[in-house]
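Here is the structure we will look at, set down as structure tokens.
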Amino acid sequence: MADVVLRDVVKNYGALPVVHAINLDIAHGEFVVLVGPSGCGKSTTLRMIAGLEAISGGTVRIGDRVVNDLPPRDRNISMVFQNYALYPHMSVRENLGFSLHIAKRPKAEIDKAVAEAAEILSLTPLLDRKPGQLSGGQRQRVAMGRAIVRHPDVFLFDEPLSNLDAKLRTQMRVEIKRLHQKVGTTIIYVTHDQIEAITLADRIVIMRDGHIVQIGTPLEVFERPVNAFVATFIGSPPMNLLPATVAGGALRLADGSTIPMPPGLSVRDGQAVHFGVRADNIMPEGHSMPPTAHMAHVEMPVTLTEPLGTETLLFATLAGTEVQAKMLNPRPVRTGEVLRFGIALDKCHLFDATTGASLRV
Amino acid sequence: MDQGQSHRIRRRLLALGHFIGLLLAMSLICLPGLWVVLNSFRPTVEIMAKPPVWIPSELNLDNYRAMFGGIGEGGVPVLTYFWNSLVISLTSTVIALLVGMAGGYAFARYRIPGKSAVFVGLMVTRAVPGVALSLPLFILYGRLGIIDTHFGMILVYVALNVPFTIWLIDGFFRQVPKELAEAAEIDGCTRWQAFWKVEFPVARAGIASAGIFAFLTSWNEYALASQLTRSLNSKTMPVGLMDFTSQFTLNWGGMCALAVLMIIPALVLTFLVQKHLIAGLTFGGVKG
Ligand SMILES: Nc1ncnc2c1ncn2[C@@H]1O[C@H](COP(=O)(O)OP(=O)(O)O)[C@@H](O)[C@H]1O
Ligand SMILES: [Mg+2]
């Protein structure tokens, strides 16, 4: 077990920089998720920690060793790949025991470790099969088993669930979390799926174009996004953003209508902004809107409804922009019906229209 | 009910049609081979008969007996030719495979400037007909003094086979995801171990087929061998076939007998490696 520290870590492919001087401190035993859109440099960062990719600048430290120049085998890490990368010519047993076999551990010890890992991941009945004879979920578990057998300092996961169907993905997500509780090893997990990130992480690292945009607990990044990118990337459905102008202590929307200024913001008069509100904070009146001190009210025609069971997602139009709102304890809503919505202003955000930065203080 | 039955009959008929079609195609391909085997057991009279005799009246081992017999009685140094063929083919195959593995792996895994040009260049060398090389090779070998040596023949066959082995093996390594080797490296392997313990076994089927291909090319090659070998030192079996021709006669029976001896090792080898050829090692470890 060990902590992992990245200091000004840079990766260039030729002249092309793909990771720009990132800094990251991961505590011993922590579950950290790197999340961001495809191509933002998550895998590259992970592979530099693993030693599969040379580090162009900065230092990577695992435990008390700077590992920049160590090959993967000397870093005491294990990794689960997106395509699992099981050895197709070996049985599940041999796959699980491979690292110990390479380390020339005694046979009895290997057998014991393999049996233990197989037990944790319910792979015992499959030990003599080849990877080709396993289902996607089983392969995934073998890949995880191969990672835990050697008790590494750090687990690295690169989008391990993206090849599974939705149901299995949810199931494996729970298994991974349970595994972390059981073994307590530091985990660095890469995904492009913000739901995975929120559900799994102790801390989320949000990346974009090779930069770290925000680091924080799931709640922090959800409630206090540093900019409009994080605000729309984290959370489902994504946060509604409405173009607006600050005018005399209120917000003037595109159609000239105004809503009161949300509290706790630093703005100047005339500033062009984006008004951000999550679907959870804009609800039709009379449908269990939790009461807050600062409420605004708007009337919007509903253009589409998406019933989700306990709630219905309402698509409506506000000042020419499509807005998603939530209706708790839903009742049937006709298309075109005009409803009165309440907006919980103290949960709303403002972002500078040009920089995208949050204007919360 | 009725429809189901007629469906089933249709399917049966289709299967039968397939079978007959395949049988016809196979017999066309196999007929010359079988004819050679048959002729090796028949006297020349019957071989040369017109119209051809399909059902032999008598089968005997005369041709084989004569072939292994004394020089005067139609004998041929079969064992020496066999040994030459074996040494030259096996050695050149092993070398072509080693070079092919190194080259194919490099092409499949590394970014090399001008890679596609080099690749096309390799292929172009195969577009030159072998015979066209025989005169330049003959002169070159004459100067170097390696005419009629195992070394010379091995060199030719390695050169002949390497472009193909590189090309084939490159294709097979491309199908092996690079994450396999990376996983092995993380599991504690050196780069070298990762290759031999993971990538090589996974690509083994492909490498075996490249090997068979190279072996058969060398084993059957005649045009160059007929120029570059001249004595018991290095004459291979295909060249040995010419021992059965003389100014006015052709000993077809003897030729066929030697041809059968040539076919057997090739067959045996193919059977041995066949199980690797069937790509049973599907890449099930990876979902793509
Ligand atoms: N071997 C490479 N050569 C050049 N560019 C690469 C290479 N590998 C990745 N990249 C680029 O680096 C960027 C980051 O890639 P990656 O880390 O795989 O993104 P992701 O966040 O989706 O995992 C991408 O724009 C990708 O095109
Ligand atoms: Mg990736």
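Keep in mind that glycine also has a Cβ here, set from the backbone N, Cα and C atoms.
Just so you know, TrEMBL annotations never went through curation; they're auto-generated.
Pulled from TrEMBL:
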TRANSMEM  B:12-38  transmembrane segment
TRANSMEM  B:81-105  transmembrane segment
DOMAIN    B:82-273  domain 'ABC transmembrane type-1'
TRANSMEM  B:117-139  transmembrane segment
TRANSMEM  B:151-169  transmembrane segment
TRANSMEM  B:201-219  transmembrane segment
TRANSMEM  B:252-273  transmembrane segment
Six or more residues out from either end of the transmembrane segment (B:151-169), which same-chain residues have a Cβ under 8 Å from its Cβ atoms? 88-89, 91-93, 95-97, 99-101, 103-105, 107, 119, 122-123, 125-126, 130, 137, 141, 144, 203, 206-207, 209-211, 213-214, 217-218, 221, 224-225, 228-229, 234, 236
When you look at the transmembrane segment (B:12-38) alongside the transmembrane segment (B:201-219), do they share 3+ Cβ pairs under 8 Å, ignoring any pair fewer than 6 residues apart in sequence? no
Tertiary contacts of the transmembrane segment (B:12-38), defined by C-beta under 8 angstroms and 6+ residue spacing from its ends, are 56, 256, 259-260, 263
Could you pull out which residues elsewhere in the chain have a CB under 8 Å from any CB of the transmembrane segment (B:81-105), counting only those six or more residues past its ends? 150, 153-154, 157-158, 161-162, 164-173, 195, 199-200, 207, 210-211, 214-215, 218-219, 229, 232-240, 261-262, 265
